[in-house]
Amino acid sequence: MAETESRPTNFIRQIIDKDLQSGLHKQIHTRFPPEPNGYLHIGHAKSICLNFGIAQDYQGQCNLRFDDTNPDKEDIDYVNAIKNDVIWLGFEWHGEARYSSNYFDQLHAYAVELIEKGLAYVDFSNQEQVREMRGTLTTPGTNSPYRDTSIEENIAQFAKMRNGEYKEGECLLRAKIDMSSPFMCMRDPALYRVKFAHHHQTGDKWCIYPMYDFTHCISDAIEGITHSLCTLEFQDNRRLYDWVLENVTIDVVPRQYEFSRLNLEYTVLSKRKLIQLVDEEFVSGWDDPRMPTIAGLRRRGFTAASIREFCKRIGVTKMDNMVEMSMLEAPLRDELNENAPRAMAVLEPVKIVIENYPQDGVELLAAPNHPNRPELGSREVPFAREIYIEAEDFREEANKKFKRLVLGKEVRLRNAYVIKAQRVEKDEQGNVTTIFCEYDGDTLGKDPADGRKVKGVIHWVSAAHAVAAEIRLYDSLFTVPNPAAEDDFVACINPESLTVKQGWVEPSLAKVDIDEANIQAFQFERTGYFCFDKDSTTSKLVFNRTVGLRDTWAKIGD
């Protein structure tokens, strides 16, 4: 798969083009500002590709800034995981990674400035009272009894907040805007709250922490961000973004623009819901291959290039829509079809005994690593008297549409000989345990000499040489296309989202170096694309199914 090389066009890039042409900006400066309270997911990948992609295409800069204003939910492990994901996706941020906490002193000074201008006040109303005073979407709010406290008293009270003289929840600093505004975010929003929590960057220096809407815009301005790109749920908050910057003394005034967030079928992208899946052990962790996290997708075998290509294909708009899972898989399937070396693996084996093959005979047959790329070379596959094939590749009786092994008929073994099934052996339950065959020793790499047609081809492994492997077959985590819309999304979890098979793989796979940072993918012929899992060891191979050979989502939708 070749990544799309042409520069994408969208409404944000059109705005940037106009800003550059008009001379409003000489250099474009964007940022990616995740909160370090969880792992990044595929929705974040869209934002990463947008912000870093714009900086690359316009020879600008993109900052990585951690929005770390909520210390009791954040962790340095999340910080490190986020950095790793951005790098893995192929991007490099400008300068050092930044933190909103870098600006806590400046943010505090700006809060004092708002108080001195009569634009902020300390409110001692409790949480329920604040909620009631806000009003509703159809009724205006009411002023707090603390709204008209003098500037001098507010300065003194805010200093006491800073000094730890008030308890958590006892008071908060609010902006003084308009309690009758039709926009809820403008009804005297909170700017600071008391929180006695250890911070992963600032330690115990602070016991008051700024709110996101106050921090976000000022951090953008301090860093010289020209275009602050957010998802549509922050559209109304742009009014507060602009209000803060208009009322503090700051040189750079960035502009916020909103685009639609990613909604992907058969998964959830809400961080709260993802945390619930992890905490309640519906999945094995943040990097469970069923998770839509970048770590989970990477472990499943998705490549950075395929994710970047997916983000290019879905584009950037202002219209929310649900993206089909097939859109995510298509670039990956294209890439793996082009690049993944081939191998043979049998997931549900049944034994074949080739009765006319020498008892102790072994041949090393040449098998191409890729049918269309001879430069990838070939490998040796051992062939012997006893082999395994997939149980589903054999029937005692079948119609003409079945092109695999049938009793009394022939089939070709991939990269090997033509065999014919003669008889079977069954267990007490009537299940076929062994198929006895004969092979045509003159058909290696060529058709039968007498011109008879053998249409079917099946894969196999040598019973004596194959390596045991645990093979994990992943499916969608949910049974409905939009689980987030359900009252109880966990009730929609797919009980068959993971099936574990104990199969056999050709011995060449045991010689591959297992590198978690650079996961090796393979096409298991006729089965799908697979990769090593991090649980794999030299004594126990573990493979994850990354994606099937063909798109199966269309069938689910029918």
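Glycine residues also receive a Cβ, built from the backbone N, Cα and C atoms like all the rest.
Predicted, not measured: the structure shown is a model, and the values here were computed from it.
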Annotated motif ''KMSKS' region' segment (source Swiss-Prot; candidates 263-267, 268-272, 313-317, 453-457): 268-272
Motif ''HIGH' region' per Swiss-Prot - which of 34-44, 133-143, 144-154: 34-44
Chain-internal residues near Tyr212 (L-glutamine binding site), provided their CB is under 8 angstroms and they sit 6+ positions away: Asp67, Thr69
Nonlocal residues around Ser270 (ATP binding site), in sequence order (Cβ under 8 Å, 6 or more apart): Ala484
